[in-house]
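These notes are about the structure you will find just below.
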C-alpha cells in the first residue's frame, strides 16, 4: 500500500493560478467545498491551506493522525490532489506518510491512496486514479487527507497549501464525447 | 477653456440671474462633462432649451424618470417636445432604456420625420427591430423636408436682419447683458462648435450629422444685406449625437461620420459665406448698433440657439465681435484671413448678387473681428454639403440644397438599409447592400466593421476576421465592433492575434468596454475563467448599457458553474437589448445543463427566431428537441442547419447522435463516414463510431475505431471512457448514465 516516496520536490511552480504541470482539462474542484481540520494552532488554521500563500501554513495541535476534511455539496469526480510541503522550511513538521480516503461522510471513509514522502520541497502530486481506466476518477462526496506520521517523528505537522483537481465539464452539454479538432470547436458554441 | 467659460458664466449668472443665463452655464457644464452641476442648476426651469438640457443631464446621470418628466411634463401631454428632433431622440432613448418599446419607436420616428438626417435615430430603430426600409425613410420626401427647412431658415434669416452679432453673439446677447458679457462670453466658447443644438424650430440639419462646426444658427446669418443671409446653409447639425455624447465623444464624430461624409462640391460656398458674414456683422454692428442689440436679444429670446452653443464657434479666439468694447479686434489674423479669402474667391459663381454688396463691406473689412473666422476655419473643414449656399436668389439655394440633400440621402439610404438588414440578421442581404457603397465609403472603419459583424452572424469567421482586420487598418483608433472581433478570434482560437488585439485596444482606450471585453476573451481562451470574468465585469462597470459585456459575464459564470449568476447576467443583457440572441442562447445552454429541457428549448427557439440563419443555433435547437424526445423535429432542424452552412460539422454530428438514439445505426454510420472526410482528426467521430459498432456487435471495427479515437488525444475524461469501453467490449452494454459516456 504505502508506495515509495512521491516526487521529491518540484521546485515551486509559478505562482498564481498556474500549476504548470496540471493539464488543461483539469480544474480545481474544492472552491465551494467545506474544509475542516482535526486540530490547529491559533493563527495557523485551515484558511492557510487555501489562501494561495506559500508562506502561511496549517499547523496541527493534537494527536496523530492529523486530518484535513473536504466535503462537497454533491458527488464530484476527483483526479488529483496536490500538496505544498517543504522539508527545508519545516523539517520535523513535514508530513511523511499520507493516506487519502474518500466516502460519503465520516462514517464510511475508505482509503483510496497512501503515499510516503521523502524530504519533499514543493508541490507534491498525488494522483487518485487507479490502474483501471474506469477508475481514472474518484466519484465522491467527501475526501479526507490524513497525515499519519511526520519526518523525524515530529508530532505536529505543517502543510502550506492543498489543491484538489477534477475534470472539466464538457463545454457542450449532453454530448457523449468532447471535441478535439478546431473545426468542431469553432462551431461548438455561440458566444 | 471650459474652466474660463464656467467661471465667467457663473459671474454672469450671479449678476443677472435668469433662465437664459442658467442655460448658458448649464451648457458650459455639460461641455465639461459635469452633468451633475448642470442638473442642479437647471432643476425646475421652464424654458424649452433649459428643459432639454436638464433632461440631457438627467440622462447622463441615469435619472431616467426625471429626464422623461422634463421632456414630457406629465400634465401637459400635448406640449411640444423641446428641441425638436434631438428632443424626440433623447426621449426615444429614455423610453428604450425603460423598456417602453412602442413609445421609443414612436419618438424615434418623430425625430426622423423632423430631421431625416438624424442617423442615430434610425440606428436605434434598427436595433429595436422596428425600422422601416431605408428607401422610404431617406427618400425624396426627406429631401423635400430638408429643402423646406433651408428655405425656412433663409427666409427667416432674411427677414430678421440678424444682427451682426451673429449667432455667436446671440447667446451672449440673449443673456441680456450688453456690456461685459459678450466680450467675456466669447471666451466661453470653449464651446465646441459641434455641439450645436438645434433650436426648437427643429431640424434644419443641413449638415448631416457631422459634428461639423458649422453651426451658425440660421437666424444669425442674415446680415443687413439680403444676399448674405445665407449662412443658414450651415444649420446646426442634429444635436442628437452631441446631446448624448458631450465631451470626448465629440471626437468620435470624426470617426463616425467619416463613412457618411459626403463630399459636396458645393462646400466651398458656404464657407465663404461665413467669411462674408463676419464682415457683414461688423458692418451691421456699426450700422445698426442699437437695433442690433434689440434684435439679437429678441432673437435670443425666441429660441435659444443651443445648448452647446455653436456660438463657440466664433469664439475660437474669444474675440468679440463687439470690438468696440474691447477696443480692438483680437483676431486680426483672423480678420486678415477672412479678408484675403474674400478677395480670393470667386463668389460670383455662387452668388451673383454678392458682388453688388461688396463695396458696402469694404470699409468694414478692417475691423472685422468677427469671430466667425475661426470657426469658419473649422466650418471649412467640417462642412458638409447639405449646407445651402447662397442666399441670393432663393432659387439658387433651393436647387443646391436639393442636390446636396439628395446625395446625402442616397448615401444614407444604402447605409441605413445595410444596417437595418444586419440588425434583422439577414446578413447576406446586408452584405450585398454594403457592397453598393462607393469604394471610399466602403473602406472606412464603420462600414468594414459592420461587414465583419454580418459575417460573424453568419458564422463565417474567416471572412469576419479579414473584414475586421481591414477595419483596424482603416481606423485603428475606432473601437466600434472590436468586441465582436475579439469573439471571432476566440472562435478561431487565434490566441496570439487575440492578445495582440486586446493589448492594442487597451492602450488605445482604457475606458472603453470593448477593450476589456477583448481582454476577457483572451483570458477565457486560455481557460482562465476567473480573470476573464473580472475583465468582463470591468467592462460592465464602464458602461452598464453595453449588452454584450453582460452576456460575456454570463458565459464566464457558466464556465465556472455558477449558474445562478450566469442567468442573472444573461437577463441583464436581455433587459438592455431584448434582441440580443447570444443571451437567449446562453440561457438555453444553462437550462440544458440543468436538464430543464422545456426551458432550454423555449430559449433556443427565441434565439432562433431572432437570428434564423445561424446554423449553430439551429443545431442546439435540434439538440434540445432531441432531449424532449421530439426526434423527428430534431432531425428536421439538423437538416436545416446542415443546409444553412456547409462548413459547420456539428449538425452532422448531432444528427448522427440522434440517429443512434433511435437506433438507426446505418444512417448514423453513413453520416459519420461523411464527417470523417470533413474533419479527419476529430476523435469524437471515431469514438462514436466505435460505440456504434459495439452496439452492432462488430467488435473488430469497434476496437479499431476506439484505437483511432485514442490516438487522436481526446480529453482525459474521454480517454477514461473509451478505455473503459474497450475493456467492456465483449460485455453487453450496461446502462450508462448520460453524462459519463
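For all residues, glycine too, the Cβ spot is worked out from N, Cα and C.
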B:145-191, B:192-238, B:286-332, B:427-473 - the one TrEMBL records as region 'Disordered':
B:286-332
Region 'Disordered' according to TrEMBL, located in which of B:84-104, B:105-125, B:252-272, B:336-356:
B:252-272
Would you please say which range out of B:366-395, B:396-425, B:486-515 has the annotation region 'Disordered' in TrEMBL?
B:366-395
Could you tell me how many residues in the repeat 'TPR' (B:683-716) are helical, how many are strand and how many are coil under DSSP?
27 helix, 0 strand, 7 coil
